[in-house]
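Q: Relevant sequence annotations retrieved from TrEMBL are reproduced here:
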TRANSMEM  126-150  transmembrane segment
TRANSMEM  214-236  transmembrane segment
TRANSMEM  256-277  transmembrane segment
TRANSMEM  284-301  transmembrane segment
TRANSMEM  313-337  transmembrane segment
TRANSMEM  386-408  transmembrane segment
TRANSMEM  428-447  transmembrane segment
TRANSMEM  499-520  transmembrane segment
TRANSMEM  532-553  transmembrane segment
TRANSMEM  573-598  transmembrane segment
DOMAIN    658-722  domain 'CBS'
DOMAIN    755-814  domain 'CBS'
REGION    847-866  region 'Disordered'
Amino acid sequence: MESEQLFHRGYYRNSYNSITSASSDEELLDGAGVIMDFQTSEDDNLLDGDASIGTHYTMTNGGNINSSTHLLDLLDEPIPGVGTYDDFHTIDWVREKCKDRERHRRINSKKKESAWEMTKSLYDAWSGWLVVTLTGLASGALAGLIDIAADWMTDLKEGICLSALWFNHEQCCWGSNETTFEERDKCPQWKTWAELIIGQAEGPGSYIMNYIMYIFWALSFAFLAVSLVKVFAPYACGSGIPEIKTILSGFIIRGYLGKWTLMIKTITLVLAVASGLSLGKEGPLVHVACCCGNIFSYLFPKYSTNEAKKREVLSAASAAGVSVAFGAPIGGVLFSLEEVSYYFPLKTLWRSFFAALVAAFVLRSINPFGNSRLVLFYVEYHTPWYLFELLPFILLGVFGGLWGAFFIRANIAWCRRRKSTKFGKYPVLEVIIVAAITAVIAFPNPYTRLNTSELIKELFTDCGPLESSSLCDYRNDMNASKIVDDIPDRPAGTGVYSAIWQLCLALIFKIIMTVFTFGIKVPSGLFIPSMAIGAIAGRIVGIAVEQLAYYHHDWFIFKEWCEVGADCITPGLYAMVGAAACLGGVTRMTVSLVVIVFELTGGLEYIVPLMAAVMTSKWVGDAFGREGIYEAHIRLNGYPFLDAKEEFTHTTLAADVMRPRRSDPPLAVLTQDNMTVEDIETLINETSYNGFPVIMSKESQRLVGFALRRDLTIAIESARKKQEGIVGSSRVCFAQHTPSLPAESPRPLKLRSILDMSPFTVTDHTPMEIVVDIFRKLGLRQCLVTHNGIVLGIITKKNILEHLEQLKQHVEPLAPPWHYNKKRYPPSYGPDGKPRPRLHNVQLKPIAEEREETEEEVHLLNSTTL
């Protein structure tokens, strides 16, 4: 809708006007009859910021009445609110960087004045390291707390430890002397609910009672989680990574990284994981870490007053979140760089690495899993992989890509249906239904009843002599006389075949339930469910290849490596490769994913299989659609996010995208010295645009600058309170000098300080591929479209996103590019002023009319009353 256009502010010194008219800026200066000052000033300057401190200017009010007024006489303090942003608006990256450079120059200029100023300078220099240190400490501590609480509450569904209520099942049996090796999980201190309620440990009655209590606790945890989210922090639901990516691109979502969101997300994440839903805690841990980074950034003025600098802290926080989620500090840094960050300078790379290091150190100190590791499913393999295994690894990559493409389409279709039907109005009911179905189906199968992280651990683990899992129920060689680490390949026993059927059912269950679970109104991560699906598929394939190699070791592909009695196939390795492939197919991560899984295994030997599987999954997934799940949810929610990975291959021009269109109302503009306060207030009240181009006059239409709606409102309100004589009929002046006014005229209001004197501009013939690239790389909110210095329209980020969506849905086959047999930009208009046939431009189906450039349209507002 036009009322939602984001007419935002941009700073850039050069203009694409020079392509067609090298003298347009000079003509603008000459026409104004003044010399414009293009020196960078602070956004929080005073109302009359065109005069520097200590400088006097002459204000003419009437024919012969001259008065010399000092700047500080008008206003002694900066205007509160000027230079800030409203909720659901985009920040101006260039302006924020200018503010930071000005702040840095001011600190450096004062640091030699006194010891106090030097101390302030050192504090400012070290504040970046302090804030990432605090973020890492808090992220590691919260991750340890979440891991311990989630494990305890997950075991609470099955029973309770009578000797120490705060112990989970494993901890409860640690100190028992009555456990056996085969039944290491059974001890007198741990009581199931059936033993406590009906006094039976075995039999049908015990099974039914445990079944009922399992469902009861699952529904209780899910209901409590969704209720807390709905009542206290609606932003605490979901994974959080799509919103984090959007926020890091410059979008403002107030409260999404606040203290209430942090508190509720931490609590409900434990409840959601313990409920047994097909979700993980790894994605939400990134959101938790970013909440910590946002809260700590308010302790340092360097970050609290600058949105661009704050996003550097959030990039480091996201790295810390992945570091504690997977125990992968380097992978966390690469994840922040590859997947979530929009602006990632070199110093942010160092601070992200440091934050990930601190977070991992804290989590290792807490040791939440009792295995001296950062994750529950850390594994080590001792058998190398062989060349022939690349084929099943690539097949797992194909499966991961197909799973990713299916999941993205199915989940987005379900989420879209949730938004468009009445079912979405009852989030609590939806969570209860999903939790009930999950609990009822999951309990009979031991592999779905397990916590998902424990399931992945069991699938990753290689079968050693001390393993008692049914996945390791092989027929042993009676001639083996000693226990060794590398057990030769053996024929599968009945337990293995039974486990394969249970894993097949678990795979189908996980695939279906994950589609309906991701996106419900509780904290829900996607990393662990995707890895579980891949690990199940990989373990099944690994067992199949292992048995094939055992029974057919004389085949030419096995003959060289798999001799009788040799250990050549590791099914757990296939599970790990399948987990990476499925996660890569869903998220389309590549480098960071390989490093994360590599850090999980601790061996360089398996880098090549991981790379082969992950790249195959990405290629297969990209064949069905280039969007990952997070980009798809960003587009579904309508966030203004320009994906840097997406290529713009169309040949439209800036004139095809700019607003206003032919059927739209004319462009709302301000004149530099011909409007009153009442005129501007009327324009603000009658429109919803967030900014207005300032032109010289209705006749000239030449661009002077750009003024934000918010800054205009705040400046006028402040002037009415603090300056005498400012009324509705006061003339508003954006020029450097106030024009001559009649003696009886009220005092004029100078607003030059809030004017952006260098808005980014392009010509109407600029190709959109260049415009899109500029928006991505400079983080612009808007740019103005001109023709020989005359304002024609405006392009905002929302206009570009709408244009990209139209091109995806309605574009006809591409004609040759605009530079095909052309020396420069294509002439869109003939000598008679009528448009030429656009043979080299994309034609959109819904836009049938062609644009005519007449004198009336060049001078947009000649016949328009402001």
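Glycine too: its Cβ is placed from the backbone N, Cα and C atoms.
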Q: Quickly jot the same-chain residues contacting the transmembrane segment (214-236) by Cβ under 8 Å, restricted to those at least six beyond its ends, or write none.
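A: Result: 153, 156-158, 243, 253, 255-256, 258, 260-261, 263-265, 267-268, 271-272, 274-277, 427-428, 431-432, 434-436, 438-440, 443, 449, 520-523.
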Q: Hey, which of 256-277, 532-553, 573-598 has the most Cβ-Cβ pairs under 8 Å against the transmembrane segment (386-408)?
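A: Stretch with the highest Cβ contact count: 573-598.
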Q: Can you work out whether the transmembrane segment (573-598) touches the transmembrane segment (313-337), with the criterion being 3+ CB pairs under 8 Å where the paired residues are 6 or more apart along the chain?
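A: Counting Cβ pairs under 8 Å (6 or more apart in sequence), the transmembrane segment (573-598) reaches the transmembrane segment (313-337), since there are 3 or more.
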Q: Which listed range (256-277, 428-447, 499-520) shows the maximal number of Cβ pairs under 8 Å with respect to the transmembrane segment (284-301)?
A: 256-277
Q: Would you kindly list the residues that approach the transmembrane segment (256-277) from elsewhere in its chain, counting only those six or more residues past its ends and only Cβ-Cβ distances under 8 Å?
A: 142, 145-146, 149-150, 153-154, 156-157, 214, 217-219, 221-222, 224-226, 228-229, 232-233, 235-236, 240, 243, 247, 284-285, 287-288, 290-295, 314, 434-435, 438-439, 442, 449, 451, 513, 517, 520, 522-524
Q: Would you kindly check 313-337, 428-447, 532-553 and say which stretch has the most C-beta pairs under 8 angstroms to the transmembrane segment (499-520)?
A: 428-447
Q: Return the average pLDDT for the domain 'CBS' (658-722) as a whole number.
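A: The average pLDDT of the model in the domain 'CBS' (658-722) works out to 87.
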Q: Sequence-remote contacts (6 or more beyond its ends) of the transmembrane segment (313-337), Cβ cut-off under 8 Å?
A: 128, 131-132, 135-136, 139-140, 143-144, 244, 247-248, 257, 281-283, 285-290, 292-294, 296-297, 303, 343-344, 348-349, 351-360, 362-363, 373-375, 378, 527, 589, 591-593, 595-596, 598-600
